[in-house]
Amino acid sequence: MLGQMEPAELQCTVAVERLNPAGQAIKRQLIRKGTVTLGRNEFQEMILRVHDGKAPQNFMLRDFQLFTRFAKDGKCTVKFVPENTQVLVSDCPPDRLKMFLKTLSIKHQASQSSKPLSDREKLRAGLPRAFETVSPLQLKDVEKANELRSRVNAPMQPRCLAERPVNKVLGDRKQVKRPRPDCDASPVKALHPNKKPVLVLPVAQKLSKEQTAVLNAVLSGKNVFFTGSAGTGKSFLLKRIVGSLPPKSTYATASTGVAACHIGGTTLHSFAGIGSGSAPLEQCIELAQRPGVLRHWTSCKHLIIDEISMVEAEFFDKLEAIARSIRRSTEPFGGIQLIVCGDFLQLPPVTKGKEKANFCFQSRSWRKCIHMNMELMEVRRQTDKTFISLLQAVRVGRVTEEVTAQLLKSANHCIERDGILATRLCTHKDDVELTNENKLKQLPGVVRMYEAVDSDPMLVQTIDAQSPVSRLLQLKVGAQVMLTKNLDVQRGLVNGARGVVVDFQPGNQGLPRVRFLCGAVEVMKRERWMFKAPGGLYLSRQQLPLKLAWAISIHKSQGMTLDCVEISLARVFESGQAYVALSRARSLEGLRVMDFDPRVVQANQDVLIFYKRLRKERLLMQSSMNDFVGQSNKENSRW
C-alpha cells in the first residue's frame with residue numbers, strides 16, 4: 001500500500017537524462033512506474049537508486065544540484081554534475097516527496113563529517129557490493145547536521161586549499177551565490193553554506209485515529225464519503241489526502257470556489273466542463289468531450305469533492321453518467337475513485353428555481369458509487385465541552401431550554417478588545433457589502449487602495465470566483481480586517497484571525513500595519529494565491545492577505561474559525577444556516593447572538609434520517625471498519 005512506503009522511497013514517474021556539455025539532453029530513459037530509493041553503499045556513501053523493475057541504476061550523491069520549485073506538484077530534479085546526468089521525478093504524492101527531500105537533505109548534511117575514501121582505499125577494502133535503504137530521520141541526524149552548520153557559520157580562519165569543505169549539495173560556489181530561479185527554498189536553502197538556519201526534525205501534524213482510518217481507506221482504493229460536524233478537521237484531512245495521492249491523476253474539487261481554494265483545487269463545475277449542468281445529458285456529454293475537458297475526465301483516477309452538501313442530486317447523477325460514457329466503462333463513475341467530504345447538516349444545495357433541490361445522497365447513483373461512509377466525531381475547533389454540546393444540539397435542530405438560555409445570554413457578551421470589534425455574520429451577501437462600505441466611510445482619514453496583480457487579467461472572473469481576496473482592497477486607519485491566509489500558526493496569524501489597521505508605512509506602497517487579537521502587530525505584505533483553471537492552466541493573484549471584517553457572509557465563513565463574532569439569525573432562510581454561523585466561533589465567550597429565536601434553528605429531516613441510517617450501517621460494518629480504524633469510533637452526541 002502507498003501509505004506504508006518508507007520515507008526514503010518514492011514510487012513515481014522517473015526520467016533519466018544524459019546531458020552534453022551545454023546541458024542539453026542527448027539520451028532519455030522514461031520509466032512510467034519507477035522506484036527512487038535513498039540508500040548507502042558498502043562504504044556508507046549516500047546513493048540515489050532508480051529502479052525500473054528490471055535493473056537498478058545507482059547515482060552517487062556527492063556533487064549534485066537539487067531543483068524543487070515544483071515539489072508541491074510532485075516534481076523535482078536531481079542533477080549529478082560530474083556524470084552530466086539528471087534524474088527528473090514527477091507524479092509523486094507531494095507530501096511523500098517533501099519528506100523524501102528533507103530526508104535526503106538532512107542525511108547528506110549529516111554525512112559530511114566523515115572524510116570520503118579514495119578509489120585506492122576502496123579497492124584495498126575489498127568489500128562486496130551492497131545497498132541499504134537509509135533509516136528514517138532521527139533526532140541525532142538533525143543534531144549532527146546542525147553541528148556541522150554551526151562550524152560553517154563560525155568566523156572564517158585562514159586555511160590551506162586542502163582544508164576546503166568537501167562538495168556542496170548545491171554545486172560550486174558560483175551556483176550557490178546565484179541560485180537558479182527554479183530552485184525552491186525549502187531543501188535547497190537548508191543546505192546553503194551562507195545561510196544556515198537551525199534544522200528541526202520534520203514532524204507532520206498527527207492525524208487522529210479516525211482521520212487515519214479515512215486516509216487508509218482512501219489509500220486502499222475505496223470510494224469513501226467522510227463526514228463530521230464543523231471543526232472536526234475535514235478540510236485538514238482532505239489536504240493530507242491530496243498530498244498522499246499522485247498529482248497527475250488526482251483532481252481536487254469543491255462545490256464552491258472558496259472551498260476549492262482551501263484545498264488547492266478547482267470547482268467541481270470547472271472540472272466537469274458542462275456549465276451549470278442544466279442541459280440534457282446528451283448535450284452535457286458533448287460539452288465534456290471538448291479537448292481540455294476531455295483530458296480531465298480521461299486522466300482522472302482519484303476525484304475529490306469537498307462541500308458535497310451543496311452539490312445537487314441531479315448534477316451528481318449527470319456527472320456519474322458522463323464519466324461512464326466518456327471513459328467507456330460500465331463501472332460506477334467510470335471507475336474513478338471518489339473521495340467525497342462534507343456535512344449534509346450544514347448548507348444545502350443551491351438552486352435558482354422554486355423547486356426543492358435534493359441532496360447528493362438522494363441521487364440514484366450515490367449508493368452504488370460510495371463504498372464506505374465514515375464519520376469524524378472528535379471536535380478540534382472548540383475545546384469547551386459545554387459549547388461543543390450546544391453546537392451538537394443545534395446541528396440536529398434540537399433547541400432545549402438550556403441551549404436557548406445560553407444563546408440569549410450571549411447577547412450581553414462584551415467581546416470587543418483593543419479596538420478590534422466583533423465580525424457580524426450575515427445571511428445575505430448584500431448586507432455584508434453594505435455594512436463594510438458604510439463602516440469604512442464613517443472612519444476619518446484618507447482611503448488607501450491596494451489593487452491585486454493577476455497573472456491573466458483576461459481571466460479575472462475565474463480568479464474572483466476562487467480567490468479569498470478581492471481585486472481592490474480599500475483601507476483606512478481603524479479599519480476592521482480579517483487575515484485570509486495562514487502566515488504564522490505559532491503566533492496565531494491564521495486564516496480568520498481578526499485585527500485592526502493601526503497605521504500605514506511611509507512611501508509609495510504604504511503597507512498597512514495591523515494589530516491582531518492574538519497580540520501580534522504585523523506589517524502586511526502581498527501574498528500569492530495559486531488557482532487551477534480549466535485545461536490545467538494555473539492562475540495567480542498577488543494581494544494583501546486581508547479583507548474588511550465588520551461583516552462576512554455565512555457562506556463565505558465556511559471553513560473559518562473566528563475569535564470574536566456577532567450573529568443575527570433573524571433572516572435565516574435555509575436549514576443548517578444557524579448551525580454554520582454559530583460553529584464559526586472558537587468559543588462561547590467570543591460569540592454574541594442577537595435577536596435569537598429558537599424557531600430559526602432547523603435541521604433537514606431527510607438528512608437526519610440519512611445520518612441515522614449511516615450510523616446503523618457503520619455499526620453493522622464495524623468488523624470491516626476495524627481494518628482501517630483499529631478500534632470502534634465513539635459517538636459524542638445522541639440523536
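For all residues, glycine too, the Cβ spot is worked out from N, Cα and C.
It should be emphasised that the depicted structure is a prediction, and the values quoted were computed from it without experimental measurement.
As annotated by Swiss-Prot, DNA-binding region applies to 577-596. Taken from Swiss-Prot, the feature ATP binding site applies to Gly228, Ser229, Ala230, Gly231, Thr232, Gly233, Lys234, Ser235, supported by sequence analysis.
The Cβ of Ser229 (ATP binding site) lies under 8 Å from the Cβ of Asp343, Leu345, Val379, Leu391, Gln392, Arg395, Ser583, each on the same chain and at least six residues away in sequence. Neighbour counts of Cβ atoms within 10 Å were taken for the binding-site residues Thr232, Ser235; the minimum is at Ser235. The record gives Gly228, Ser229, Ala230, Gly231, Thr232, Gly233, Lys234, Ser235 for ATP. Within 8 Å of the mean position of their Cβ atoms, the other Cβ atoms in that chain belong to Asp343, Leu376, Val379, Arg380, Arg381. Mapped onto DSSP helix, strand and coil, the DNA-binding region (577-596) counts 6 helix, 5 strand, 9 coil. Within 10 Å of the Cβ of Gly233 (ATP binding site) there are 20 other Cβ atoms, across all protein chains. In the shown protein chains, 21 other C-beta atoms lie within 10 A of the C-beta of Ala230 (ATP binding site). A sphere of 10 angstroms centred on the C-beta of Gly231 (ATP binding site) encloses 21 other C-beta atoms.
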